[in-house]
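Worksheet for the structure shown next.
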Amino acid sequence: MRMDGSLAEGVDPGRSGGGGSEYAAAWQRVKRRLRAELGEDVFASWFARLELQEVAGGVARLTVPTRFLKSWIESHYLDRVLANFRSEADGIESIEVGVRGPMAQPRAPVAIAKPAASLRPPAASSLVAEAHEPERAGRGEAAGDLSGAPLDARLTFESFVVGRSNALAHAAAERVAGHEGSTPLYNPLYFHAGVGLGKTHLLHAIGHAAKGHGRRVIYLTADRFMYGFVNALKTQNALAFKERLRAIDVLILDDVQFIQGRSIQAEFGHTLNALIDAGRQVVAAADRPPTELESLDERVRSRLAGGLVVEIGTLDEALRATILHSRLEAVRATHPAFEVSPAVAEYVAKAITANGRDLEGAVNRLLAHATLTGAPVTLETAETAIRDLVKNREPKRVKIEDIQKLVASRYNVSRSDILSERRTAAVVKPRQIAMYLSKVLTLRSLPEIGRRFGGRDHTTVLHAVRKIEKAIGEDAALSDEVELLKRMLQD
Ligand code: ADP
Ligand code: MG
C-alpha cells in the first residue's frame, strides 16, 4: 500500500536504531486503533493527516499539516495516542507533534504529495477485512463486547456532596437509581454542566445504586459507545451489539457531546428509541443541553430533551469547602500523617473556584508536597503548590493577532492574506471568520477591529460579523468549526 511505503520512508532508520520500518508498521496499527476507538468521522477530522516522522531517543515525532491540528491533538488526544503507541511498540517514552510545512519535510515526500488519499474513509469491506488480522492485547476485549466501562468505586452517592447547585440533579439521580416500577419516571434523565462539576460522579453513583437494586446496568462513555459499535460493525456483529444494548435495564451514557459520525449517531438514535420505547432507563450527561448537541440529528436531540433535563451549576464556596474536607478525610485514611490546617483548607476552597477536578488536583499536590518534604503544609507552601491551578482560572485575554494567526493556519492562508485587499473566496471566508471571532472574543470596537484588519471600515466588519452569525445558524459544520476555534483561542 502506498501509505505504508510513504511512512516507511518517513521514518529515519539510522536514528531509530534500525527499527524504522517496525515503528512505521506499529504506527499503522496505532492509526487503525484510533480509527476503531474514535470512529470514522473523528478519525478523519483529526488523525487522517497525522504522520510519523521518526522515532529517536524514545521520542516519537509526529507531524500534521496545520498548527490548528497540532494544538487540537495536543490538547485532546495526546495521552490516547501515546498509550496506543506504547502498546504497539517498545521503547516509546513520549510523543511530540510538529507542523510540517510544504518545504519542511524532506523525510516523507510521498506522504506530503498525496495527503488527501488518507482522508477517505475505507470501504466497508476493508473494515471487515481488518477484523481478521491478528489482534493484539486490549483490542479483542471490546470487539462487540458491551460490558461497558467499569464503575469507579469511589464515585457513590455517599461521597457526593449536595449543595444548592446540584441538589436537583442529585435528587433526580437518587430517584431514578432507586426506582422499582416498570415504567421509568424520567426517561431519559439528562444532566449537563461544565467540566468537573460532578456529572460523571453522579452517573457512577446511579450505576452503583441501580446495581445494588439488582438491575442490569451499562455505563458507557461516548468513546466507548463508538468504539464498541465500530468494532461490532467490523465483525459484522452490529445486530448482536444492538441486541445486547437492549438486554439491559439502565443505560448510562457519559459525554454524549462526543458522539459523532453520521452512521454512529443514527445508530445512537435507534438505540435510544429502542431502549426508551421498551421502558428501559436511559441516563445521559454532556457538557451542554440537548438542544446544543450540534453533532446530533434534530430528532435525537429532541428525544434526549424529552425526559428530564437538569443543569448542574458551578460549585459555590460552601460546597467547595465540603468537597475539599471530604477529600482530605479520604486521603487521611491512607496517609494518617497528612495534616492540613483549617486555614489552608479555607484558602484552597476560596482560591480554586472552577471545579471539583481542580480541587482534587489541589489535594494531590498538597499531599505530594507533604510526603516529599515531610513538612507540614503551610499557607505559603499551599499557595506555591496550587499556583497554576489558580492562575488558570483567570479568563484568558484573546488577542486579535492570535485570532488572525490561528484562523490563517486553519485555512492554509497567510496572515498577510487576511490583512490584504484580496477578495478570493479562499481568503474572504477566513477573514470574515477572524473578524467575527475578534468581535465575540475581544472587547475591541468595530472601528478598532477594522483598523487591525488592514485598515478596513467598521461597516465591513459589521457585515462580516452578521454574515458569519447567519451562516453559523444555518450550517452545523461551520458552527462546529467556529466553536472549535473559539475553544482553542480560549484554552
Ligand atoms: P464532570 O464529569 O462533570 O466533568 P466529575 O464527576 O468527573 O465531573 O467531577 C470531577 C471531580 O470532582 C471528581 O473527583 C468528583 O468526585 C468531584 N466532585 C464534583 N462534584 C462533587 C460533589 N458534589 N461531591 C463530591 N465530589 C464532587
Ligand atoms: Mg465527566
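Note that Cβ sites are derived from N, Cα and C of the backbone, with glycine treated the same way.
Annotated features, as they stand in TrEMBL:
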{"type": "REGION", "residues": "1-22", "note": "region 'Disordered'"}
{"type": "REGION", "residues": "1-117", "note": "region 'Domain I, interacts with DnaA modulators'"}
{"type": "DOMAIN", "residues": "185-314", "note": "domain 'AAA+ ATPase'"}
{"type": "BINDING", "residues": "Gly196, Gly198, Lys199, Thr200", "note": "ATP binding site"}
{"type": "REGION", "residues": "371-491", "note": "region 'Domain IV, binds dsDNA'"}
{"type": "DOMAIN", "residues": "399-468", "note": "domain 'Chromosomal replication initiator DnaA C-terminal'"}
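The structure, with features from TrEMBL marked on it.
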residue	record	contacts (Cβ under 8 Å, 6+ apart)
Gly196	ATP binding site	Ala354, Asn355, Gly356, Arg357, Asp358
Gly198	ATP binding site	Phe160, Asn166, Ala169, Ile312, Gly356
Lys199	ATP binding site	Phe191, His192, Ala193, Asp254, Ala285, Ala286, Ile312
Thr200	ATP binding site	Leu155, Asp254, Ala285
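DSSP states for the domain 'AAA+ ATPase' (185-314), grouped as helix (H, G, I), strand (E, B) and coil, give 66 helix, 24 strand, 40 coil. In this structure, the binding-site residues that sit close to ligand 2, with a C-beta under 6 angstroms from any of its atoms, are Lys199, Thr200, chosen from Gly196, Gly198, Lys199, Thr200. Sequence-ordered, the extra residues of this chain that approach the ATP site, with Cβ no more than 8 Å from the Cβ center of Gly196, Gly198, Lys199, Thr200, are Ala193, Val195, Leu197, His201, Leu202, Ala285, Ile312, Asn355, Gly356, Arg357.
Averaged over the domain 'Chromosomal replication initiator DnaA C-terminal' (399-468), the predicted model reaches a pLDDT of 93.
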